[in-house]
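Undergrad: This is the structure, below, for whatever I ask next.
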Amino acid sequence: MASSEQAEQPNQPSSPPGSENVVPREPLIATAVKFLQNSRVRQSPLATRRAFLKKKGLTDEEIDLAFQQSGTAADEPSPLGPATPVVPVQPPHLTPQPYSPRGSRWRDYGALAIIMAGIAFGFHQLYKRYLLPLILGGREDRKQLERMAASLSELSGTVAQTVTQVQTTLASVQELLRQQQQKVQELAHELATAKATTSTNWILESQNINELKSEINSLKGLLLNRRQFPPSPSAPKIPSWQIPVKSSSPSSPAAVNHHSSSDISPVSNESTSSSPGKDSHSPEGSTATYHLLGPQEEGEGVLDVKGQVRMEVQGEEEKREDKEDEDDEDDDVSHVDEEDVLGVQREDRRGGDGQINEQVEKLRRPEGASNETERD
């Protein structure tokens with residue numbers, strides 16, 4: 001018990017020497033009282049108890065108070081022999097014995113059963129893996145061979161089917177490739193032909209355009225030449241009173257009308273306007289020439305008159321064309337309508353034929369007058 005009490009006292013602070021006048025500490029005194037009241041401590045001598053308490057840091061006053069409160073100051077053990085210092089006895093150390101429950105036997109039995117079961121399972125596996133194949137090896141081999149043969153036959157059938165399917169798919173793919181190649185070749189041929197046709201069409205169009213440009217340029221040149229250069233001078237005109245006319249031929253007016261309407265081009269009115277005055281001034285000279293000229297000379301005179309009339313008509317046509325060209329300067333030459341031009345030419349020709357008829361009628365009048373003078 002002294003050792004236990006000593007273990008309880010290590011936390012108590014030790015008082016420094018020379019601190020006797022310090023106020024007694026109640027908790028230390030209380031612990032000292034408990035220590036002194038212990039039965040084993042009470043059997044020890046008083047000096048040893050005091051020395052132990054001083055070692056724990058208690059002063060003499062605190063020790064006296066502890067003895068008074070514990071009531072052990074008068075206790076004095078009976079001396080049995082020589083005084084020997086009392087040493088606190090420690091209890092002997094006992095070794096712990098293993099705990100043996102009552103069901104240990106059942107555990108032993110269970111472990112034995114588990115071991116036996118493992119051994120039996122091992123023997124069973126050895127028998128199943130090694131002994132049975134030796135005993136029943138022929139049967140198993142036959143069954144395995146039969147199974148392998150069946151699986152091989154199934155595999156061969158499936159392989160044959162897959163091969164046929166692959167062959168059919170390859171044939172279809174080859175056919176599709178051939179068709180695609182044909183289509184590609186056709187498209188390439190069509191493209192080549194289209195390129196060739198487009199190139200030829202482009203060349204032809206360019207040629208046509210060039211021709212049209214050249215024609216337009218030529219027309220422009222002609223128009224400019226007509227405007228720049230003066231018209232060609234006409235042949236000298238013969239007055240109508242000098243033209244020989246046969247008096248005895250009654251069919252001459254009809255012949256003249258026939259030639260004027262069919263062979264003679266449009267004529268002008270210049271020769272006709274000058275011929276009547278001259279005929280009126282010299283009717284006798286005209287009659288004299290009629291009697292002097294022969295039939296051949298009369299025919300030549302008529303032809304000369306026709307040529308003069310044609311020249312005059314051509315001059316008037318050129319003047320009219322110049323006027324029309326001046327009116328059409330702002331119009332594009334390429335957009336001229338051919339039908340309008342033909343209509344204008346026809347109208348000009350009709351007007352020229354009417355002028356020729358008028359000239360012929362005017363030429364007939366002196367012939368009739370001369371015939372009347374001859375008859376008189």
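Keep in mind that glycine also has a Cβ here, set from the backbone N, Cα and C atoms.
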Undergrad: Among S19, S268, S334, which is annotated phosphoserine in Swiss-Prot?
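TA: Annotated as phosphoserine in Swiss-Prot: S334.
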Undergrad: Per-residue pLDDT averaged over the topological domain 'Peroxisomal' (2-108) comes to what?
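TA: In the predicted model, the topological domain 'Peroxisomal' (2-108) has a mean pLDDT of 65.
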Undergrad: What is the Cβ neighbour count of K34 (N6-acetyllysine) at a 10 Å cut-off, with all protein chains included?
TA: 14
Undergrad: Please report the three-state DSSP label of K34 (N6-acetyllysine).
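TA: It is helical.
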